[in-house]
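Notes to accompany the following structure.
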Amino acid sequence: MPFSWKIFNFEISVVTFNPYTIGIILLLFYSLYCIFFKGFRYDFDLIDLIITLICISFFISTILADNVIDAGFLAFHAIFIPVVSYFVIKTLINNDLEYKQAILFFIVSISIFGLFALFEYLKTYQRVFVLSVPPIGVATFLSVGILYLVYSKWYKNFLGLIGLFISFIGFIVTFSRIYTLTLIFSPIFYKFFKNGKVFFLILFFFLFSFLFTIYITYNPDIININEKQCLKIRGGERTIKRLLNVNFYKCSLYGRAILYRLGFYNFLKKPFFGVGLYRGRTKGLPVITQHNFHVEWLEFGGIFGYLLYISLFILFFKKYSSFVYDNFIVINLLIIFIVLCNSLTNGFMHGKMPYVSFIMMGFTAARYKIIKLLNPNI
């Protein structure tokens with residue numbers, strides 16, 4: 001589980017290490033050892049090529065950034081570690097038993113995380129931070145546990161039911177609006193995926209979300225909210241009111257629309273490779289986000305970074321849409337899709353969104369490898 005907390009979080013030079021980053025880097029070396037000395041096979045495909053190009057493109061963005069050290073520090077956590085997670089999972093999981101064990105350990109750790117979330121909420125009765133993970137990151141993890149336990153039907157096992165209950169309660173106290181809405185509609189998405197509509201849905205999502213982003217950026221008044229109304233409800237953002245009062249949705253979206261303009265402005269300053277990732281000006285704000293993956297990929301990575309990320313997800317969903325007869329692949333694709341839905345109004349290049357996305361991509365690639373071993377003619 002990617003988290004950082006007190007003594008478990010320390011810096012060497014400009015890089016911050018925690019148990020997850022240390023562990024995944026050690027597993028990276030072990031994976032390379034397995035490939036070169038133990039005969040493990042790694043199928044380098046088009047997806048891997050695009051991921052490699054993303055790393056190269058954002059490396060250039062980092063070199064060209066105004067603050068190279070900050071940009072490199074943030075890229076380490078938003079790109080490098082998630083990509084390493086993908087590589088490690090794809091390399092080391094080679095059979096059905098290993099796959100299920102890895103998923104189960106992941107879900108157990110998520111359930112424990114949910115228990116921490118509940119305890120933290122009972123202390124403050126506000127949105128929870130768990131082991132220095134902000135509420136949206138907590139919701140990202142817990143949504144994985146909920147989706148896997150529900151759609152794998154592991155909740156029918158007593159321990160699975162306990163895990164689902166804990167994850168669900170922990171998720172609720174994050175008061176995450178988009179995740180809540182997408183979980184409610186997840187049965188529809190799941191049905192679409194099972195019926196082979198994966199590629200259609202992701203294409204529609206990217207096109208609609210891009211047009212929505214452009215429209216809302218330059219027409220924020222369509223939201224029909226004013227500053228006085230937003231000031232009136234100020235202070236309730238960390239309580240359940242953010243879920244129940246529609247004005248919180250409006251104020252949040254209006255504020256994001258203003259931020260989108262800044263992101264597009266920065267993109268136009270460096271349109272090819274972007275400005276690189278950068279910290280917020282406010283002390284304690286670790287990374288700036290314009291709360292929209294379209295804006296972020298354009299601002300941080302320029303047109304090259306944007307097209308590479310869009311291509312990655314489109315081709316990824318296209319490739320694995322042929323294997324929706326495997327329920328694990330469907331669940332993995334569903335999780336990635338729901339993270340992307342959340343990233344439309346919360347951003348992708350910060351927090352735990354890139355971690356979970358690349359972890360689930362790794363599990364999908366590993367599952368595909370297992371299917372190919374059982375059916376060599378695929």
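Cβ atoms are placed via backbone N, Cα and C, with glycine included.
Heads up, TrEMBL stuff is auto-annotated, nobody curated it.
What TrEMBL says about this one:
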TRANSMEM  20-39  transmembrane segment
TRANSMEM  46-65  transmembrane segment
TRANSMEM  71-89  transmembrane segment
TRANSMEM  101-122  transmembrane segment
TRANSMEM  128-151  transmembrane segment
TRANSMEM  158-178  transmembrane segment
TRANSMEM  198-218  transmembrane segment
TRANSMEM  297-317  transmembrane segment
TRANSMEM  323-341  transmembrane segment
Count the CB pairs under 8 A between the transmembrane segment (158-178) and each of 20-39, 46-65, 128-151, then give me the winner.
128-151
Six or more residues beyond either end and a Cβ under 8 Å away: which residues meet both conditions relative to the transmembrane segment (128-151)?
1, 3-5, 8-9, 103, 106-107, 110-111, 113-114, 116-117, 120-121, 160, 163-164, 167-168, 170-171, 173-176, 179, 183, 186, 190, 327, 330-331, 334-335, 338-339, 342, 346, 351-353, 356, 360
Short question: most Cβ pairs under 8 Å with the transmembrane segment (46-65), which of 20-39, 71-89, 198-218, 297-317, 323-341?
297-317
Result, the transmembrane segment (198-218) in contact with the transmembrane segment (323-341) (3+ CB pairs under 8 Å):
yes
